[in-house]
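*Asks:* A single structure is presented below for examination.
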Amino acid sequence: RVTEQRIIEGSIPNMEEAKMKVKTDMGLINSNARKKMERCRNSEDRLISQLEVENQALRKHISAEVNEIIDQAIAKFSAELISNGECNGIREGGNRNFENFTQRSRSKIQENGEFKHDPEDTFYEIPLQICHEPLPIRSLRKVSYDGRPANDLSRKSEDTIPDFETILIQVGEFGNYQKILFLAMFLFAFSEAFLYLSQIFITLIPDGHWCKVPQLSNLTIEQRKLLSIPLKDSKYDSCRMYSVNYTDLLRTGITLADPTWPTTECQHGWEYDFSEIPYSTIATELNWVCDQNTLAPWAQASFFCGAIVGGLVFGWISDRFGRVPALVLTNFIGFVFGTMTAFSTTFWQFAVCRFFVGLAFDNCFTMMYIITLEYVGPTWRTFVSNMSIAVFFTLAESLLPWIAYYVANWKWLCIWTSLPLLVGVGIGWIVPESARWLLSQGRVDE
């Protein structure tokens with residue numbers, strides 16, 4: 001405006017000078033504005049710093065006052081507890097004294113028999129151990145918030161200490177301890193898989209087997225078959241042989257059987273084609289073939305009968321005496337009778353051993369499985385329950401055929417597959433009892 005007025009008055013003779021004057025004036029204005037803004041920023045920073053210092057000082061002052069109030073409350077509460085006998089490790093009468101103390105404390109703020117809540121009350125969690133020994137949880141369960149016995153209240157009004165599941169979530173659902181238990185399950189999964197699947201490898205019978213003729217032992221296998229075994233459906237019969245005098249046949253030089261010769265059942269046992277299965281089994285040693293071919297399935301049936309009985313017996317034992325005793329007992333039985341299986345010489349010895357191995361089967365893993373799941377929180381429980389079976393059992397089942405192949409002896413296979421059960425026998429000194437089971441039995445201190 002000043003420049004425009006000067007042009008009108010004639011003090012600025014032309015427009016070019018006017019433009020230059022405007023630019024100069026605007027430059028001065030912008031420079032002054034920037035200086036003022038910089039001064040404002042500096043003032044603002046100083047003000048913020050000053051406010052932060054004052055805020056920290058105020059917080060320290062408030063914290064000191066709050067701590068002093070809390071310390072006074074703790075001292076008063078501790079003194080009253082000690083005077084009533086709840087502390088100093090005194091156990092006798094501790095539950096009763098605590099209930100009386102709770103009722104006296106609650107009665108101080110009761111009016112006309114009704115419990116009044118103070119909305120101004122503030123509760124703090126104080127990480128301080130007041131007593132030498134904590135009071136049992138069960139003693140706290142006996143008193144409700146209004147001081148009356150819990151059994152006098154309706155289910156809705158009764159208030160109790162949170163159950164184990166709630167506490168476990170607060171403590172940690174899958175910490176280091178639970179992870180160690182989860183990884184430890186692989187040994188027990190291996191034991192169960194070995195017990196279950198090893199019976200397949202110790203009772204195998206090759207498809208290629210035929211009657212044994214001692215008089216022809218000097219001939220090759222093919223020559224023995226041609227001279228002593230009749231054909232059945234274009235294959236050598238597995239259960240019959242020619243009933244002739246083989247000594248006379250060898251003396252006369254006959255090397256090929258006559259199909260019209262009479263036949264009979266195997267008289268001297270059987271020979272087996274071990275090119276198909278590279279080791280003998282109890283079924284081949286005891287000749288569970290032909291009219292005795294049902295013995296191997298019956299032996300396996302005794303195994304599963306034992307599994308049914310074991311599930312009932314050890315399920316009751318684990319609920320009555322604890323998970324760890326049942327775990328140790330099942331692994332001990334499995335190891336003893338799994339090893340004894342290797343020394344069986346008759347069908348009944350083998351069947352009895354397999355029954356007791358079946359008794360331990362499944363339970364030698366299930367007990368550890370239960371202990372682990374009872375320590376794992378609900379968020380991780382599905383993962384642990386599925387992965388322990390999916391991963392550990394898969395590895396064990398993939399490994400067992402190779403063990404059977406390289407051991408190549410059914411007796412040693414029984415012994416080797418029973419050895420992992422020794423871990424379960426000594427686990428009672430390593431793995432503590434399930435805390436959830438201890439609480440269910442009222443053994444809160446443990």
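Every residue, even glycine, has its Cβ placed from backbone N, Cα and C.
TrEMBL lists 177-446 with the feature domain 'Major facilitator superfamily (MFS) profile'. Positions annotated as transmembrane segment by TrEMBL: 180-205, 298-317, 324-343, 349-371, 383-404, 410-431.
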*Asks:* Quick one: find which recorded stretch in 180-205, 298-317, 324-343, 383-404, 410-431 has the most Cβ pairs under 8 Å with the transmembrane segment (349-371).
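*Replies:* It is 298-317, which has the most Cβ pairs under 8 Å.
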*Asks:* Residues sitting near the transmembrane segment (180-205): Cβ under 8 Å, six or more positions beyond its termini, same chain?
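*Replies:* Result: 272, 277, 281-284, 288-289, 293, 296, 299-300, 303, 331, 334, 338, 341, 354, 357, 360-362, 364-365, 368-369, 371-372, 375-376, 384, 387-389, 391-393, 395-397, 399-401, 404, 410, 413-414, 417-418, 420-421, 423-424, 431.
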*Asks:* Give the nonlocal contacts of the transmembrane segment (410-431) in its own chain as ranges (CB under 8 Å, at least six residues past its ends).
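*Replies:* For the transmembrane segment (410-431), the list is 181, 184, 187-188, 190-191, 194-195, 198, 201-202, 279-282, 324-325, 327-328, 330-332, 334-335, 338-339, 341-343, 360, 364, 368, 371, 400, 403-404.
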*Asks:* In the same chain, which residue numbers or ranges, 6 or more beyond the ends of the transmembrane segment (324-343), come under 8 angstroms Cβ to Cβ?
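*Replies:* Distal contacts: 188, 191, 195, 202, 310, 314, 317-318, 349-350, 353-354, 356-357, 359-361, 363-364, 367-368, 371, 410-412, 414-415, 417-419, 421-425, 427-428, 431-434.
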